[in-house]
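Written out below as structure tokens is the structure these notes cover.
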Amino acid sequence: MENMAELVVMTIIMISIALAAIGGNLLVIVAVLWNKRIRTVPNFLFINLAVADFFQGLVSIPLRLTEQLNHSDIKPLVPCLVVIPLTILFYSASNINLTVISLDRFVALYKPMHYKNIVTPCKVITTVLISWIIALVLALLPIMGWGPKNDIDLIDICLFSTTLTKEYLFMLFTVINFVVLVILGITNIYILRTARKQIRRIHVVTNVRVLDQNTDSMSTMNQTAETTGPTGSKRSGISSFASFRRRAHANATRFSGRRERKATKVVLIIVGLFIILTVPITVIDILGVFDVDVDVPLLLIKITACMAYSNACLNVFIYAGYNKDMRDTLTMMYLRLKCFLRRQ
């Protein structure tokens, strides 16, 4: 009875994660394709991440669910050499794409004046293709014969440690976990430091603007007194125009900085959640690779696997929640759909 209750709860959780990943990521993909105004380089990278997460919800999670619902003592309902490679494909693609997004933010903050010259659409498309090729190669290696164990243990759930050799797993964890975490750590430490510096600059700029406004007020009073002369009106116009240009430049800089800070905040939250949700299952797999004598309960393995998969449905909601253009586009899509249904 206890096992049945556990099965029902885990099944409901996995189905909920899958539906949220499919629906949420599909909405974001359609929104960017529908609205040309938000087809920017950062959004294109997030769409690439959404595609990987969408297929995790559409393919990887249902395959895991079939294992969980299978009660055969002879063999799994779906072979582990089907489940594991597909899991590796979309999981690797998601991790690599998240790394690319973090690097994009790093370049935007490290070289803001040269960002558009460095991060061109052609380079971004090439990077995206390379990321998927790397993920595909990693996933195909076990199918091609390099990586699977000769005698695959048949248990309730396909594990990396019971399906793949130590050599392959060491290579996989090095590329997809260790290298990714190192890059994310370095880039996000820099992003955090830069964000703090920008906050300090904002306070300085705010104080300068207040001082500038006071100066403008005093200047206006002086100009009013001087307008009685023949050249007073001309000097007043020139000074007012210069003051207007300073305020316009300050407003544009502040708007651009606010947009960059929001994008940076989104990346930091997504990366933080990625680390929290994926590290536990990674540690369990590493313990299995090195034959560490630790008895990890199967329930804990299933919970940590669900945590890793939940990352696929959370990214899109964080991104859409902090992106005003995306929220406006989704609202517009909803209103258009509502009007269309009323006409039918």
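Note that Cβ sites are derived from N, Cα and C of the backbone, with glycine treated the same way.
Note: TrEMBL annotation is automatic and uncurated.
TrEMBL lists 12-34 (among others) with the feature transmembrane segment.
Residues or ranges marked as domain 'G-protein coupled receptors family 1 profile' by TrEMBL: 24-319.
Summarising the annotation, TrEMBL assigns transmembrane segment to 41-61 (among others).
Annotation source TrEMBL lists transmembrane segment at 81-103 (among others). Cβ atoms under 8 Å from those of the transmembrane segment (81-103) belong to residues 42, 45-46, 48-49, 51-53, 55-56, 59-60, 63-64, 67, 127-128, 131-132, 134-136, 138-140, 142-143, 148, 152, 158, 160, 163-164, 172, 175-177, 180, 183-184, 187-188, 191, 267, 270-271, 274, 278, 308, 311-312, 315 of the same chain, restricted to positions at least 6 beyond its ends.
Among the features that TrEMBL reports, transmembrane segment is placed at 124-148 (among others). For the transmembrane segment (124-148), the residues of the chain that approach it from at least six positions outside its boundaries are 41, 44-45, 48, 52, 81, 84-86, 88-90, 92-93, 96-97, 100, 163-165, 167-168, 172, 175-176, judged by C-beta separation under 8 angstroms.
Packing against the transmembrane segment (168-192) from elsewhere in the chain are residues 88, 91-92, 95-96, 98-99, 102-103, 105-106, 109-110, 134, 138, 141-142, 146-148, 160-161, 264, 267-268, 271, 274-275, 278, 282, 285-286, 289: each is 6 or more residues past its ends and has a CB under 8 Å from a CB in it. TrEMBL lists 168-192 (among others) with the feature transmembrane segment.
Long-range contacts of the transmembrane segment (266-290) within its own chain (CB-CB distance under 8 A, at least 6 residues past either end) are made by residues 95, 98, 101-102, 105, 159-162, 166, 169-170, 173, 177, 181, 184, 188, 191-192, 195, 296, 300-301, 304-305, 307-308, 310-311, 314-315, 318-319, 322-323. Look at TrEMBL and you will find 266-290 (among others) tagged as transmembrane segment.
According to TrEMBL, the feature transmembrane segment maps to 296-322 (among others).
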Handout entry: Positions on the same chain near the transmembrane segment (12-34), where near means CB under 8 A and six or more residues out
Key = 43-44, 46-47, 50-51, 53-54, 56-58, 61-62, 64-65, 68, 306, 309-310, 312-313, 316-317, 319-320, 326, 329-330, 333
